[in-house]
Structures are given as C-alpha cells and as structure tokens.
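Annotated features in Swiss-Prot:
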ACT_SITE  Asp234  active site, proton acceptor
ACT_SITE  Glu237  active site, proton donor
BINDING   Trp166  substrate binding site
CARBOHYD  Asn115  N-linked glycosylation site
CARBOHYD  Asn127  N-linked glycosylation site
CARBOHYD  Asn205  N-linked glycosylation site
SIGNAL    1-27  signal peptide
Amino acid sequence: MKFGVLFSVFAAIVSALPLQEGPLNKRAYPSFEAYSNYKVDRTDLETFLDKQKEVSLYYLLQNIAYPEGQFNNGVPGTVIASPSTSNPDYYYQWTRDSAITFLTVLSELEDNNFNTTLAKAVEYYINTSYNLQRTSNPSGSFDDENHKGLGEPKFNTDGSAYTGAWGRPQNDGPALRAYAISRYLNDVNSLNEGKLVLTDSGDINFSSTEDIYKNIIKPDLEYVIGYWDSTGFDLWEENQGRHFFTSLVQQKALAYAVDIAKSFDDGDFANTLSSTASTLESYLSGSDGGFVNTDVNHIVENPDLLQQNSRQGLDSATYIGPLLTHDIGESSSTPFDVDNEYVLQSYYLLLEDNKDRYSVNSAYSAGAAIGRYPEDVYNGDGSSEGNPWFLATAYAAQVPYKLAYDAKSASNDITINKINYDFFNKYIVDLSTINSAYQSSDSVTIKSGSDEFNTVADNLVTFGDSFLQVILDHINDDGSLNEQLNRYTGYSTGAYSLTWSSGALLEAIRLRNKVKALA
C-alpha cells in the first residue's frame, strides 16, 4: 500500500470542501467522492483484489473524520456508518460500527509499521470516545451505576445525543470499543515504543496510555461487568434478549484487558476482569446461555426467539463474532473460533439456506451472497423481503481463509467430526478419498504437512475466493459497496458506501493475502 499517494488524494479532496460553520446540518456537506478515475476490472478475481484493497481502504477512511481525511462534517474521530442521509439515513456514528471500523484500521496500522497518519485517526477516535462516554443520552449517563449511558447505540456526528426512538440498550458497543482501544495500546507499546502521537495536540483528553486505560477503556469494561447478564438489542438492532454475538465480544473485551490492567498496577480490577471473563465463557458454552443447541447442532444467535418459534437461530452474527474476536496470529482465551464445529455448522446451514432463498445465488455452485438471517425482512429502506449483505458475504469468505491460515501457520492438524462433516465433505474435499471408513468413525484427523492437508488448505482458500467472486460480480463500478444487494437482480441497494462493508472486504483481502504468503 502506498499511503503517501492515497493520503495526498485525501488532502486534495479536503481542500475542496467547505468548512463547517454553525449548527450541524448533515445534508449540507457531501462526504462521498468516488475513487479517482477508477472502474472495477471484472476480468478476473486476482486483478480485482490487487487494486481493490487500496480502493476499499479509501472508502473506509473517507467515512472517518480526521484532519487528513475527506469527511469534515463531524468531530475528529467520528465514523459515519454511511454518507446516505435519506432512504435510509445512516448519517450517524454507532458505537459498535465505529469500533469494528477501527479494528480494521488497526489491522492496516499493524501491517504497515505503525503508520502515523492511521495512528492519529485512531487517537482522534479514542478522544471522541471519551466525550461520547460522558454525553448524557436516553440510555442514561456516565455517572449512573456502572455508567449506564454507555449502552447508547448511536450519536449524531457532532457528538450530541440522538434522542429519537431506537433499540436501547445495545451492550456489544462498549465491549467492542474497549477491545479496539486496548488493542491499540498494545500496538503503541509493541510498535511505537509506548509513545502516543497526539499528546501535544489541543483538545485531547489524554496525555498517556495510562490515561486512556483509566478514563476510557476501564469505564467500558465496568459497563460490561455490570450489564453482561442483562438483556439488550442485537447487533442488527431488532430484538431484545440474549445474543451470542454480544456475549462473545463481551468475553473477548474482558479477557483481552486482563494483562493491560495488570500493566497499570490495577490488580484487583484485573482479577475481576478475569473472573467475569471466565463466567462469561461458561455462560457462552453452557446451558445457561442456550447458544450451543445440540438438538440442531448449531449456534443459536438468540435463544429467546428460538423458544418463541419465531426464528431458527441461524445468523451471520454467529461467524462474524468469532472472526472479530480472533485476530490472526493472536493467542486467545476466547472460545468459539471459526474452527469450532458448531460455528462451522452454523455457517454451513446458513449458506445452504441462502443458496435457495436468494435467486441471485442460482449462478453460483460454491460460495454465495449471504444475508443476515433467514427470516430477515429489512430491504435496506423498509420491510418487505430481506436481501444478502455485502459485509456478511465478505465475512463468509474470511471463514475458510482463517481456517487455512490457522492450520498452516501453526502446523495444526485438521480435525473433522460428525458436526462439521457436511461442510468439509460438500465444499472442501470428498472425505471418502481420505478415509473410506469415515462415516462409521467419530472423527478423522488430517495430519499437518500431508498431501491431504495441503489439498484441504488449498481448497479452503479456493472456497473463500468463491465468496469474493460474488462481491466482484455485484460491487459498484466505482469500487464502493452498499449495504445490500438485491436478492433477485444482484444490483446494489440500501445505504451506499457502507463503512462496515468496505471494512469487511478489506479484512477478507488481508486474510487471503496472509494465507497465500505462507509456504
């Protein structure tokens, strides 16, 4: 990635935009401009991906307010979900979406030797997070018990509270934000000698990494500790109850922060983090949570809805959560990585459902355009019939890429059992060629380094590519990604230039590049 070229483009765009004056008028300032003189080359996947990484990073950064960026109609550090201001209006900053966006920014920062422009964007995000935490809102305030107001899902781009009706609270946001910022502190220590980049700037609410830990990360973690066993709305903002995705990212945030708390001599809190993370791990895996359902042999995203017979429990969140909480090359105590048999079976069953559900998938034999969940009726601007989502499809590509990367990088054997058998046998390899007696066995182990292992690893990458081919076939000509693609025609629909869509594709390309770089 040639960051100098990319950021010079941003600077030119910024100079052409009007400065913000007076009260917020989100419709007065355009924040979308297509990547200069670019048109998607649909000739082949390799050609597309080689250029698209730079293009998707452009569109992601375009939706972040910071001095070197294009979007200036917001407090520095603000992430808009989309420039779309009507039909639908996504011109807000969501706690969850912002944190996930910055996890992608951190991936770029880590892969590019702590690029200081990206580091500044991250620190502006941390700064605006401090202010948002202390903005009273319909969910509560910072001074409430366990900082109740941190469960507020979204804010206006000027940092003021959004006071309209919404699904409140959403308990995944504080956890994801705590994890993202904690990960940045580790990057600062490992890649930049513990030095922040904005401490000499005005209007910054921290002067050290300890300030960030005590005043920004810790309050989010206290919220998680206080409310992890309370119901809230899911990541799709539609249903209140217990959610696999929410509990998983909460467990990740707590477990990840234990060592950080210890590094700042906060031993008692580290113990609380550790014990609560352990409780959450048991809750995720056990009968209390109800997420692992052996009757159906897959993860149930919302057990309450299954009990009410309103949903079967299949949901792309059951593989998005594992991907977000298990970065490549990271040692993690968080359960349910993508190699978990129940996660894989959930992934497989959703794929099988979506192949039949969405007419656009009739053109594909392997990967497919994937939606949020089978019962979805949100069409991008109202209710009728749900569509596939670009981000769900990009994350679907990441699953086999990560399976291949983890197995090859650690020289791990690949174990196939009765639960994940259908996925491997249908899409990756004919298991009868490996073990003719497999179906009478409990499992088969494919030894690392064997010819069969190399075949499976290569086929996993090919299978991941089949999802990116779907994206190539339906991405906008300018390389931007909407929220959805029409279930019949494949044309883009819903909010345009969705930040999360670009981020999910970026992460898929990153994973693909890393697994292909392995010998």
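Each residue, glycine too, has its Cβ placed from N, Cα and C.
Within 10 Å of Asn127 (N-linked glycosylation site), as judged by C-alpha distances, no recorded positions are found among Asn115, Trp166, Asp234, Glu237. Fewest other C-beta atoms within 10 angstroms, among the active-site residues Asp234, Glu237, are seen around Glu237.
Neighbour counts were taken at the CB atom with a 10 A radius for the glycosylation sites Asn115, Asn127, Asn205; the maximum falls on Asn127. The residue listed as 'substrate binding site' sits 37 Å from Asn115 (N-linked glycosylation site), taking the Cα positions as reference. The separation of Asn115 (N-linked glycosylation site) from Asp234 (active site, proton acceptor), Cα to Cα, is 34 Å. Within 10 Å of the C-beta of the residue listed as 'substrate binding site' there are 16 other C-beta atoms, taking all protein chains into account. Asn127 (N-linked glycosylation site) carries a helical DSSP state (H, G or I).
A straight line from the CA of Asn205 (N-linked glycosylation site) to the CA of the residue listed as 'active site, proton donor' spans 30 Å. Put simply, Asn115 (N-linked glycosylation site) is 34 Å from the residue listed as 'active site, proton donor' when counted between their Cα atoms.
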